[in-house]
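Encoded as structure tokens, the structure appears first; notes follow it.
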Amino acid sequence: MAERAALEELVRLQGERVRGLKQQKASAEQIEEEVAKLLKLKAQLGPDEGKQKFVLKTPKGTRDYSPRQMAIREKVFDVIISCFKRHGAEVIDTPVFELKETLTGKYGEDSKLIYDLKDQGGELLSLRYDLTVPFARYLAMNKLTNIKRYHIAKVYRRDNPAMTRGRYREFYQCDFDIAGQFDPMIPDAECLKIMCEILSSLQIGDFLVKVNDRRILDGMFAICGVPDSKFRTICSSVDKLDKVSWEEVKNEMVGEKGLTPEVADHIGDYVQQHGGVSLVEQLLQDPKLSQNKQALEGLEDLKLLFEYLTLFGIADKISFDLSLARGLDYYTGVIYEAVLLQTPVQPGEEPLGVGSVAAGGRYDGLVGMFDPKGRKVPCVGLSIGVERIFSIVEQRLEALEEKVRTTETQVLVASAQKRLLEERLKLVSELWDAGIKAELLYKKNPKLLNQLQYCEEAGIPLVAIIGGCPKRRPCGRNQKENKPGPLHLLS
């Protein structure tokens, strides 16, 4: 070790000599000679295996959250959870990883985004991609046929992150689902009502909820001439219409997925339509679509859904959009997705293109995939895109320079004179025992000004001052006996 330390010192000194020669603009030959000596010394030193050079950073697609950011996040969660509870939901939790076979084949083309883990003692595992498939596994494993639940937890996707738009590889999902056999469209309508309540309460701007039905899509593909084997892959292409033009989607259908231009054009005639209940009624009269059994069932259910949405007072927030496809394989009926019509822009705030902020749908066959006897449990649910919502709320508060409290402290226990630590400790203990959120500075004799400044910076509304009055007039303290004066409460 001593020899290595001596060599390191020689390398340091020789490095300084080389730098000095360069600053003095010495001849190239002289600099080259000294550099050669430096390299020779470094070669003698050899690699230092004990030191590893690395950049301190979070993995791609992840982030840390500061106390300020967590305070904002908790407020968003509070709004969401209070709404879920208002609608009578119970809460569950499931493991962050599942058996790989549990997740395989449930997500269509998105299956490639699943994080697989190394073999763990004979079990092939994957990080959960969403909360819906684990919920279906939970229902089948526990033989549950009826539950209204919410679940807030992290999920993982091996995606290309766009962190400025709230798109990550590790992120929270806030799910609400209703499982059980009920009359048509009543649970579906409540899910849409919940979605609207949450987005309205968060005040993130005007939004629109697009609605469609997987049965209408499948019926439309059938009458347009799409082979059954290509329904899901064409569905995935249609789902991109909110991001790219129809021409790009058509080129993908024809060039990559093998449809004829005529079939693609026929699909285009339908998927570019959107409206309200009037469009549902118009398609019920469509000579081709109305003859398809699946499509007819979907259209009739959508008509009933709009009746319930009108009674809930949210029909004006809903748009029947035939381009909405939702790429996940497990959807079987109504599907929906909430998008912001415009991102709120405050002075000094850059527009945020965050896209979808909530989505969901009906998946009546998913639980049956896990049940040994194939028993189905009808389910419908929604997921709030909390990361994207958080991006909007955070940027708005930054633009407004709005102060965010990161603690809930109600009272700071302070002292006006020295040698009052015992009294401060006794008082803060009494406050804690009474259930009051209180703090004190960790110094024996803190200055009053420092205590008041801390109070101001932390946003603490009250300060309890032991000792002399802060207005510097006599307050009953006997300096010789060293007894504390009265307690002052300032706000």
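The backbone N, Cα and C atoms fix where each Cβ goes, glycine too.
What TrEMBL says about a protein is an automatic prediction, not a curated fact.
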Annotated range (TrEMBL: coiled coil) out of 54-81, 222-249, 362-389, 390-417: 390-417
Among THR132, GLN173, which are binding-site residues, the residue with the most C-beta atoms within 10 angstroms of its C-beta: THR132
Count of other CB atoms lying within 10 Å of the CB belonging to ASP130 (L-histidine binding site): 19
Winner by Cβ contact number (other Cβ atoms within 10 Å) across the binding-site residues ARG326, TYR331: TYR331
For the domain 'WHEP-TRS' (3-59), the number of residues DSSP places in helix, strand and coil: 39 helix, 0 strand, 18 coil
